[in-house]
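The structure under discussion appears below in the form of structure tokens.
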Amino acid sequence: MAALSSAAVTIPSMAPSAPGRRRMRSSLVVRASLGKAAGAAAVAVAASAMLAGGAMAQEVLLGANGGVLVFEPNDFTVKSGETITFKNNAGFPHNVVFDEDAVPSGVDVSKISQEEYLNAPGETFSVTLTVPGTYGFYCEPHAGAGMVGKVTVN
């Protein structure tokens, strides 16, 4: 017989609160029907890892809503190990090529670039950058139109 179990995970904030201001607390409550109480602990551990770990992601649109040939955003910062997902926002073919002259020393751009075109709206390419520094990238068919970007990895 399945029992209703729940688990709560609280992620403490390290930022001090301003005098007279109430401090907000981040939390996640997971409820699920689980056969064993140990299942609730597993859910709590997974939720904690998702909130505290590299589950954060940066989404970058390939092409703006108005049809402009840009990366949106085109200049952003991520933490080392954070996933960046590039999403085709229009019907134009786009790709994401990291410029070998604009990445940290030792980074192999062939391993992080998506040279194949994303042709349909909604198609995605994801990459995880781990070496801190600045990475320049561009859309091969639209670089001349200004479709270039920069990501800083901390």
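Using the three backbone atoms N, Cα and C, a Cβ is placed for every residue, glycine included.
For reference, Swiss-Prot has these:
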type: TRANSIT; residues: 1-57; note: transit peptide
type: DOMAIN; residues: 58-154; note: domain 'Plastocyanin-like'
type: BINDING; residues: His94, Cys139, His142, Met147; note: Cu cation binding site
Cβ neighbour count (within 10 Å, all chains shown) around Cys139 (Cu cation binding site): 27
Lowest local Cβ density among His94, His142, which the record lists as binding-site residues, within 10 Å: His142
C-beta crowding around Met147 (Cu cation binding site), within 10 angstroms: 22
Cu cation site, defined by His94, Cys139, His142, Met147: further same-chain residues with Cβ within 8 Å of the Cβ centre: Leu62, Gly63, Leu69, Phe71, Phe92, Asn95, Tyr138, Glu140, Pro141, Ala143, Ala145
Segment-level pLDDT (mean, integer) for the domain 'Plastocyanin-like' (58-154): 97
Structural state of Cys139 (Cu cation binding site), classified by DSSP into three states: coil
